[in-house]
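Visitor: After the structure tokens below, expect a handful of questions from me.
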Amino acid sequence: MSKIPGATQPSDGPPPPEVGPAHPTPGERWTKALARTAYSPTSRRKIRRDVDAHVAALVALLKAPDFTAEPAHAIGAWLVAARYTGQRSLQTTVDVLGPALRTHPELLGVPNLADRVVFVLGALAAGYANAVREQIFEEQERVRNSLLLTLGETQQNLHDSEARFRQVFSSSAVGIAILDLAGNLVEANPALAHMLGHQVDAPDEVFAPADLLALRESSHGLLEAMEEDAKSERRFTGPAGDEIWANVVLSVVRDSDEQPKYFVAVMEDVTDERQLWEYLRFQALHDVLTGLPNWQSFLPHLEKVLGKLRSPHTVTLCYLDVDSLALVNDGVGYQAGDRLLTAVAHRLTAVVAGETAMVARAGGDEFVVLIEDSPAAPSISEWAARFDASLAEPVAVDSTRTTAVSAGMGFVRTSASGVDALALVRQAHSTLRRAEAKGKRQWAYYDRDQDDLDRPRLELVATLPGALAAGDVYTEFESVDGVVLAARLRWELQDDTVVAHDEVLRLGDELGHTIPLGNALLEQACARAADPDEHLPVLVRLSPDHSRDPDLTAVVGRALSTTGLEPHRLWLSLSLRGLDNEEGQDNLSVLADLGVKVLLHDLSGSVTELSTVEFGRPHAVALAPVPDSPLARATTTALVPLLRAAGALVIADGTTAEQDDWFRSIGVDLLLPDQPAADEY
């Protein structure tokens with residue numbers, strides 16, 4: 001036996017775009033953009049070096065296998081240290097870095113890149129906000145100390161101290177409020193009145209009543225806790241009801257006897273930073289196109305709902321996949337596809353508008369809908385009908401054209417408390433896969449028994465690449481009636497059961513891994529047949545995907561050339577299910593021209609397949625396993641002379657000892673026994 005290496009094919013994707021003089025680098029764009037937002041005392045050359053280093057650090061961060069956004073905090077803090085704290089410094093940074101990182105050549109192919117960029121920019125904004133907050137607190141502390149100093153002067157210096165106090169109070173860029181011990185506003189400086197949108201000559205109206213009450217309670221709390229000051233971020237209300245956010249340092253001012261005399265509140269407007277942070281937070285938790293919650297938002301919500309679920313209450317989860325979005329993208333354009341997805345989002349949301357529900361975009365053309373069922377909850381079939389009817393309405397994709405959409409849906413409903421959120425999502429998604437296997441516009445309800453049957457096979461699909469890398473998939477060679485040497489794949493599982501050749505190929509086709517696997521099998525089979533001690537030709541059976549691979553003939557040519565095997569000693573069996581396109585038909589004719597003995601398998605007896613046999617002139621045709629029914633046997637009996645008339649040998653595939661005599665009686669030339677004989681998966 002020979003092990004199959006787990007090598008992967010080299011990428012044939014497009015090369016990254018070249019960056020030339022006409023395309024400024026991200027560092028150049030960021031440096032110029034920052035210079036327009038604020039003045040920095042640091043030299044332009046030093047800023048440029050720092051900016052380039054930060055861009056490189058962000059790129060390394062985004063493509064790291066163990067991705068974390070935390071290091072981006074330091075870059076946000078650097079902006080503040082470099083004095084880039086203008087009104088648009090942070091927004092400009094986000095505007096430049098967002099598109100630059102999403103299209104950076106080094107980041108092509110990075111999984112979930114858009115989400116990673118949002119997280120990194122969010123961390124950068126958080127670092128910026130924290131640094132600004134610390135800077136503000138330092139400034140507030142300086143102002144506070146000045147106020148305390150002037151208010152604490154002796155009587156003989158009272159006039160001078162009052163003048164200094166007025167200078168600090170009136171000219172400070174930060175807002176200052178003085179409150180008496182009862183918590184009433186005594187005086188507010190012009191900066192505070194401007195920040196809150198009020199007139200300075202009406203101090204009683206500077207704060208909204210609720211805001212002043214909150215300040216009063218905080219002031220009394222300082223005395224009760226015997227603290228000198230407290231820092232916080234607070235929300236205030238402007239005259240038009242608008243939100244104003246400020247960093248506040250609240251301090252107790254004491255007289256010469258250390259008795260409380262006043263409260264001083266020093267405030268800095270951070271509304272812009274707060275709004276930007278909220279925007280980035282929204283972006284991190286919502287899909288950019290549709291505005292729906294994304295996975296990062298949906299999964300915690302699902303966990304919360306399941307955590308409080310108690311029988312007999314139930315929740316319904318629908319996993320929905322939009323049909324044929326790729327056709328709209330390719331036929332009308334990606335903007336049309338985006339409009340279609342946006343329409344789907346709006347319609348799903350409208351269907352559940354009267355329910356306690358969340359609609360989220362799972363990614364691509366997939367959506368999830370979580371419904372906390374009411375006592376009169378609709379049945380699953382009714383939900384499916386509602387979603388289907390809503391999506392079937394025409395959608396305008398541009399000014400002149402409309403389209404309609406359908407979707408596959410997988411539903412699961414549970415009343416069990418403490419259900420794992422990811423397990424419930426998996427159940428809904430596997431149900432969706434089962435629905436889509438039946439065709440377009442289908443839905444299915446979760447079936448635990450069917451899921452128990454499906455999961456072992458899905459586990460095999462997922463673990464096949466690892467098995468290839470570990471050498472658990474190998475090749476066996478078996479003589480068939482002394483006519484040909486059959487090369488067969490085997491996958492030995494940990495429980496000592498063996499996955500047979502055809503099933504390994506089916507698993508590989510589902511995963512898109514069959515072509516490198518089949519290429520390695522071809523090379524090993526040709527090498528074995530070319531051995532001087534081996535006199536039989538070798539039979540290699542390919543999967544449907546491999547049979548239509550445009551590179552197949554080149555791979556076969558290289559294998560024959562490398563091993564020195566004569567072409568007629570390679571019996572290469574193509575799947576008729578893989579000859580449904582031009583590439584598959586070309587492979588059939590070119591391989592025959594090379595002198596390879598071409599066989600066909602997966603014959604079901606359709607007119608199209610028989611036409612392929614007639615014009616392809618294969619060396620042999622393998623019959624599919626025949627069900628034990630009179631009609632199936634009569635059909636197979638009628639096929640054999642037709643195949644012989646086309647000049648092909650007839651092979652019976654997957655036979656048992658009980659079937660051998662019957663197959664020989666109807667004229668079959670070669671019997672391929674069922675395999676593996678023992679412990680078959």
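Cβ from N, Cα, C; glycine included.
Under the heading domain 'PAS', TrEMBL lists 161-197. The domain 'PAC' annotation in TrEMBL covers 230-282. Residues or ranges marked as domain 'GGDEF' by TrEMBL: 313-448. TrEMBL lists 450-681 with the feature domain 'EAL'. According to TrEMBL, the region 'Disordered' annotation covers 1-30.
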Visitor: Mind tallying the domain 'PAC' (230-282) by DSSP state, helix then strand then coil?
Guide: 12 helix, 30 strand, 11 coil
Visitor: Would you mind splitting the domain 'GGDEF' (313-448) into helix, strand and coil residue counts from DSSP?
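Guide: Result for the domain 'GGDEF' (313-448), in helix, strand, coil order: 55 helix, 38 strand, 43 coil.
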Visitor: So how many of the residues in the domain 'PAS' (161-197) end up helix, strand or coil by DSSP?
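Guide: The domain 'PAS' (161-197) comes out at 18 helix, 9 strand, 10 coil.
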